[in-house]
Amino acid sequence: MSSLIKLAIRKFSHQLHAYSPKLGDSIYDTLRYNWYLGFTSFGGPAVHFQIFHQRFVEKYALVDEQMYKELFSLCQALPGPASTKMIYAVNLIHGGLWAGILSFFLWSLPGAFAAYGLAVGVSKLNDTLPALVYALLSGLNAATVGIIALAAVQLSEKAVSDKLTRTLVFLGGCAGMLYNALWYFPVLMALGGVATIFWDYRWLQDAWRAIRGTLCGPRTQSNIGGEEQEIPDQIASRVSGSETRLSETNSVVLVEEPPERVVPADLELRTFSWKSGVYIISSLLIGFIVLMVLRGTLHSPPRGFSLFANLFLAGTIIFGGGPVVIPLLREYVVFEGWVSPRDFLLGLAICQAFPGPNFNFAVYLGALAVSGHMSLTAGAITGFLGIFAPGIILFTGTMGVWKALRNHRWFTSALRGVNAAAVGLIYTAVYRLWEQGFLSSTFTSGSSLGLEPWWLVVAATSFVGGRWFNLPAPVAIVMGGVMGMIWYGIVTA
């Protein structure tokens, strides 16, 4: 099957190459690198980033390690689907705009079709579900928790480069668990970027030394002959781009300035100019303002328009990806009365087991939200465009601005902190799903998986299997569902 698909890709690319050589090569590379990822990438954005790193950095070297870290920070710092922006960005850099657009559809459409099919099935369900189905869904959620936890650990190992980034990962995870609001996650990531700028430029350290010198006076040290020798706490001078410091032991230490970031020739960015980026971002903001004005002023607008406006708003303000998208979609769809809480949680549990971006959950909700007002297909398309369009358009414009800023030391320093804080927030996703992953006839709105020790066993099995036995994420999720049904069989025996 795989060889037949590769042969079809090669023939199509040869025909396109005859029409446009550059475009043909770009499309061929995009299909070759991405065609099956939308079918096989399970586990949510944290796992997706790990898969992309293995494929695009380690295997094919489409981007280097430094660029991947910068893209990861940029994807987390901007609103919209984080892993979708990553695969779009890598292919945009490697093959240009059309390659990026093609990779987006290759990545998102398989899961979108699955979500649409699920919505069609759920729309025909009765009000109550068999207990076996709830056990199956709880097992899928528990296995997903283990997979996301593993991805968080693996990404932490890459994000931690010193004590500061280790601290930011820890604080980001703790802070994300303690509070949840629309503005909160972007603020945490911004604080992480500010912290690394202060740290790398040594502003706090130098200020502390100045204050200590003012309060305590000059420090003294006895030399070998027993004489008291008064020395400054720090003497700094710039010599050929290096900072010469005289330490308290009178030894000279050279502290090298971080080298300027240089992109290898074969990895040059195929993106827009910063002016084009500003135009794209400005156009998006104008369109957003117009849409929000209409949303607030129209009385009894069509359901399709209201759905698109709500999901476009959600796609514009969702920072942090998975941890935020679930409560936000609940607010903009369930609280409007368009989808029942049971159908929301049922779709959430099953969509967690689908490959591709978690934002495809909006396709499922869009189809159900317009039931009785327009066709389910139209609702699914509306949900898809509403949730994905703002984040992708904004990211496209930002890539042009990023190209101009990425060689500045303060910018790369800030991204290091944003990256660490964003990785910490992945642990928040683990906690959120854990607290609402247990479904039953009693807890149709979801409750903590900790109520039943068996779900901890399921989560630990998927974590240990992936960590030390290279168990693929799809297999771990299927095992979770099977273990959920085994639990049902035991407790009802």
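Placement of Cβ uses the backbone N, Cα and C atoms for every residue, glycine included.
Annotation source TrEMBL lists transmembrane segment at 95-119, 131-156, 168-199, 276-295, 307-329, 378-402, 414-434, 471-491.
Tallying C-beta pairs under 8 angstroms between the transmembrane segment (276-295) and each of 131-156, 378-402, 471-491 places 378-402 first.
Most Cβ pairs within less than 8 Å of the transmembrane segment (471-491), among stretches 95-119, 131-156, 414-434, belong to 131-156. The highest tally of CB pairs under 8 A with the transmembrane segment (378-402), across 95-119, 131-156, 414-434, is held by 95-119. Through the fold, the transmembrane segment (414-434) approaches residues 44-46, 69-70, 72-74, 76-77, 141, 144-145, 148-149, 151-152, 155-156, 159-161, 164-166, 168-177, 180, 185, 188-197, 200, 320-323, 326, 352, 448-450, 459 of its own chain, all at least 6 residues removed from its boundaries and within a Cβ separation under 8 Å.
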